[in-house]
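Per TrEMBL, the features are:
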type	residues	note
DOMAIN	B:5-147	domain 'Semialdehyde dehydrogenase NAD-binding'
BINDING	B:SER12, B:GLY13, B:VAL14, B:THR15, B:ASN323	NADP(+) binding site
ACT_SITE	B:CYS155	active site
Number of protein chains: 4
Amino acid sequence: MDRARACVVGASGVTGGELLRLLVGHGGVDISCITSREHRGEYAFRVHPNLRGRLSVAFAEPSLDSVLKRDPDVVFLALPHGESVKWVPRLVESGLTVIDLSADFRLKDPSAYAEWYGWSGGHPYPDLLGRAVYGLPELHRGELRGAKLIAVPGCMATASILALAPPTGARLVDVGRLVIDVKISSSGAGSQASRLDMHPFRTYVVRPYEVVHHRHIAEIEQELGLVSGERVRAAFTPHAVDLVRGILATGHAWLSREVSEPDVWAAYRSMYGGERFIRLVKDRAGYQRYPDVKYVIGSNLADIGFEIDDRMGRLVVFSAIDNLMKGAAGQAVQDMNIALGFDEAEALGSAPLYPV
Amino acid sequence: MDRARACVVGASGVTGGELLRLLVGHGGVDISCITSREHRGEYAFRVHPNLRGRLSVAFAEPSLDSVLKRDPDVVFLALPHGESVKWVPRLVESGLTVIDLSADFRLKDPSAYAEWYGWSGGHPYPDLLGRAVYGLPELHRGELRGAKLIAVPGCMATASILALAPPTGARLVDVGRLVIDVKISSSGAGSQASRLDMHPFRTYVVRPYEVVHHRHIAEIEQELGLVSGERVRAAFTPHAVDLVRGILATGHAWLSREVSEPDVWAAYRSMYGGERFIRLVKDRAGYQRYPDVKYVIGSNLADIGFEIDDRMGRLVVFSAIDNLMKGAAGQAVQDMNIALGFDEAEALGSAPLYPV
Amino acid sequence: MDRARACVVGASGVTGGELLRLLVGHGGVDISCITSREHRGEYAFRVHPNLRGRLSVAFAEPSLDSVLKRDPDVVFLALPHGESVKWVPRLVESGLTVIDLSADFRLKDPSAYAEWYGWSGGHPYPDLLGRAVYGLPELHRGELRGAKLIAVPGCMATASILALAPPTGARLVDVGRLVIDVKISSSGAGSQASRLDMHPFRTYVVRPYEVVHHRHIAEIEQELGLVSGERVRAAFTPHAVDLVRGILATGHAWLSREVSEPDVWAAYRSMYGGERFIRLVKDRAGYQRYPDVKYVIGSNLADIGFEIDDRMGRLVVFSAIDNLMKGAAGQAVQDMNIALGFDEAEALGSAPLYPV
Amino acid sequence: MDRARACVVGASGVTGGELLRLLVGHGGVDISCITSREHRGEYAFRVHPNLRGRLSVAFAEPSLDSVLKRDPDVVFLALPHGESVKWVPRLVESGLTVIDLSADFRLKDPSAYAEWYGWSGGHPYPDLLGRAVYGLPELHRGELRGAKLIAVPGCMATASILALAPPTGARLVDVGRLVIDVKISSSGAGSQASRLDMHPFRTYVVRPYEVVHHRHIAEIEQELGLVSGERVRAAFTPHAVDLVRGILATGHAWLSREVSEPDVWAAYRSMYGGERFIRLVKDRAGYQRYPDVKYVIGSNLADIGFEIDDRMGRLVVFSAIDNLMKGAAGQAVQDMNIALGFDEAEALGSAPLYPV
């Protein structure tokens, strides 16, 4: 495709704003419509002041009809879980490409929506679920080409899967007892105000939450299961930390056999050798030895590293991403680039902003 | 003891400053001398400006003779590892109480100093090591009464041990495969400047370091081994986060048998029931469900909580402390209070400062 | 008074929480009742988790009758502007001491409420206004003794007045063209959630607001006018910065005549010589040369400093306070201590927490 | 020029790193050599980890000969004040373009270097000084075209001059009594470690410094003097705040006559109407009313706004920049683009990263 017309539904939230920031810099995309219930009629730059001077479009009321009337080639849904599912069937039916940033089409098993999202009766559109592609390019690039329905992975799921796929796939670790300990910033929480999200109460925290049953577990076990061909079980505990952007996922995995450092390197290199948005970070010199959110902010990169703990028979792996980029909007644009045939890195080429 | 004369050796560092802050508010202590090589001759309030108007003493050159000449009842050593060991023998010999905040007397096994601290030949004073009390009051209060040599626990060790001692002691978990994932602030790094500790480079981080062989492992395995009567092995990975104070230790432990929530509560309550500085935090209502560094800053409290992960057969435990308080200076003063017979909470009664 | 029974109305907000933190540490006060509309029935520690283990009282529905029924000696009103005025008349009538943290009784001129607060017709209780004492002890200590209605100053007004009263009072500067440039933290904004107060949007700001007509101007001009005996005019511009606590007020004043440094020192010393909560900070050595919010956090101190700009004929003055302490709850407790005859520093003796 | 070969001298510092980040994204520049005394021999990405995967060059020892041997078209000097002056004569003599980020060639009056920088005898190369162009494109674009020696303005000077040039040039304000109150981040302090720059001591500050005699005053008065044609005097006080990037300059100016809002708008629009890196920000709706550092991070933008204070006869003006971009490296690249004939916005097109 030479040029694409894009709509962003739910464009006044944080993820919506990041999508707009990327799309205004995309050489092949015209922003065709943007919607927001809360801010309809307002100029986008008044909600996302970084775009002042860049974008002079106003938010429209979100409605299927008004979006379809704009005849977009691609629609990004930056809606809460449970909302996207109301939009997707008609959008897909109309033949355009749908890139859904919610969780509504991420899980392959329709009944998993009953267990993890509390949808009675499971997913209402199992057939659509079957057609949805899980939008992690490093694992599903082939399926993404020409895909019409893409489920952008969850932010913590992205970090966790990228860190653990190589050793899991190479059967280096016990996939039944993975431990994933995540540190996450505030911007993923959305823009709906609640007291605990306010500045005085959300700064200076290391705050565990949803400590044994976070919904991203379902995605992680699904994708690592596909990679390894085995049933994967992951203990997963996220912690809110005092950052606006960034996720660091730490995976603690028990080695299933004796492995050397070159074995582990081989697993990572064989899976990510040609990847443009993965950096393997494990260095013996310089200021950075392992992944750190500090060095990926503003970029679509995932920094991945590891260390072998001989004493414990443990492999510890790290993954650092910017949750709004590789964890949401950046990955969504990467998915679009692949689906529509643009250069995969178009609009995503910024080096990390550092220091920030 | 009615009143005690105290000296603080190494008083210009961050921990030394916190000791001074606490001691000026202690009803039974007179600050008898303070030392600093770098700042000798300067007034303490010029290095610790919070003490302006509170403390008009100047730093003396650190020397054993000059300290002993002040005839103190208690000496706090806030020195780097490997320095305290030069001071302790003569101080102990002179009959006063020594409270050492370094690691030099924490490990019971002299040969462990070869393994973990690189001291060739192990610890040079194995007899003194035998007399040293590991200054965690919740585990060693009895030994602390009247003790003459106290090794104040490491900050991350304090958080980790307090979180895991009850389930380890009660044999609820597999003590051979503990995983401890720590999030730690910047103030523990001391006041020696290096580029990575500077503001532009130390903000906005989630930075793993010493990811498989941190020295605090030795203390943790030692103390949990004492509690459980078994050989304990802990996989331990710390992460620097963007805070000045605070540590959150997350313990991931595999349940060794089926346990109910009341079983775990019982383990914690039986060990910490009467403790004045432990709060068990596991709530179903209100703004705080689990420990969070946010709610302990400025206090000597350790907030401890847990959750059972039935799906994985995991117990996840959390411990939040202020690293300069319960993790260093606060605990040192608590140790002194016990050793000298003061009220255990003297000078340590502040509620956490919140929000900060 | 030996012991006082205190009620805190509006106790679930940030200022209310700080009052509770101070009152639980007050040797002469029993917390008799606390109210909150939003959180009635909840335990206070579930809203202010720092008080877990310290306070086991629940919030009552706020009503005059229920408060009066508790027969308090003193009532703190931590209510929004315009709410206190509904409570004060009956409380005062009942003979107890009212300490109002809102702006409702700060201005002496009833018509000023029309101009600055938009109250049509001005203040409804001009007589009560006349009896209210402006609760800045450094200027009104005598009136505070035994006072029955105290209007606690605004946080930025406190910082500004304390910085400028001495040179204004000593006629060193042109009082018709003061410039006050304030940097203020987030906790003063209260606990009502709005998007701009959320963590992702309130971090990393230097955000000017109400840049020419902030309400605190009225208090500042009133009080400096009293001190100087002249009509004072202050240009006042606040800036939100990325802090939870703290205010720094910078006053730029044109010298009205040639002055030497000793002249300025003399003005400050003569006004604040015996003050326990004022520190004059202007040093030529050490880490602190001028006031900085860093060094007052958690304390009731106001650090005040200055410099003469000979080149420009300017006096620049600085004032640093913790807005929740000297700027609100701490000053309220100081006022209560004076009014009821307690030691003025009771419950307010903490040295600043540093570093934090 | 089609392509240019660039050297960066002093490339391991923060500003040097930002230059490298921009130059790797510049379509017309090849990085020909980079130097660092401290890090010579090391790969740049080990000092600036954001550039891992982008730049595989190592730092060379800084020496004039080795730089000239690389035959660069342009040399950026990111050196401390007093160092650049040793490099510039020979570089200029060799005919290449020199872009100096230090203060060594900013002031037109040779004797000003005695007064403001303590150089005995004033500037040693008054002739070179005469040929240097002050690299603020909004004021000196014409001179920058083809310029061979460019002095990049100081970061706070850039913010201050841009804010005040229009009302000063239009004679709306009293240019003899300007007040400039600046709030500045930590990254401008460089990468040399000192205790006060360390994370525990540099967070949570609002810290005035060099409060009456900061060196940037000389640049500000020089440039505003050129614009207004009068002798300009500015009272200038910077405050360190807890940010890594960003400057907000607040100018308080006394109106010299009655002015209306359209008058002031006219002054700003006539000077900045066509400028690509200036946004005039003064809005009555939306989340942003005035400039705020929050909305310029990572961009080369200067947001400028104002308000009239009728009550005081004051004009208050605001200017927000990213100090490493428009305040240093970004402006240096903008200068190079103009000097060498590239598109002025090449490599500088990023919208601000938000939220961050």
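Quick reminder: no glycine exception, Cβ is built from N, Cα and C everywhere.
Features as recorded by TrEMBL, highlighted on the structure.
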residue	record	Cβ within 10 Å
B:SER12	NADP(+) binding site	24
B:GLY13	NADP(+) binding site	23
B:VAL14	NADP(+) binding site	26
B:THR15	NADP(+) binding site	27
B:CYS155	active site	28
B:ASN323	NADP(+) binding site	29
Whole-number Å value for how far B:CYS155 (active site) lies from B:ASN323 (NADP(+) binding site) (Cα to Cα): 6
Tally of residues which DSSP labels helix, strand or coil - the domain 'Semialdehyde dehydrogenase NAD-binding' (B:5-147): 54 helix, 25 strand, 64 coil
Chain C contacts among the recorded positions B:SER12, B:VAL14, B:THR15, B:CYS155, B:ASN323 (Cβ under 8 Å): B:VAL14
Proximity to chain D among recorded positions B:SER12, B:GLY13, B:VAL14, B:THR15, B:CYS155, B:ASN323, where any Cβ pair is under 8 Å: B:VAL14
Taking residues B:SER12, B:GLY13, B:VAL14, B:THR15, B:ASN323, which bind NADP(+) in the record, the widest Cα spacing (Å, whole number): 17
Reduced DSSP assignment, B:ASN323 (NADP(+) binding site): coil
Segment confidence, the domain 'Semialdehyde dehydrogenase NAD-binding' (B:5-147), expressed as mean pLDDT: 97
Cα separation, B:CYS155 (active site) to B:GLY13 (NADP(+) binding site) (Å, whole number): 16
Where B:CYS155 (active site) falls in three-state DSSP terms: helix
Alpha-carbon distance [B:CYS155 (active site); B:VAL14 (NADP(+) binding site)] in Å: 13
Spatial separation of B:THR15 (NADP(+) binding site) from B:CYS155 (active site) - C-alpha basis, Å: 11
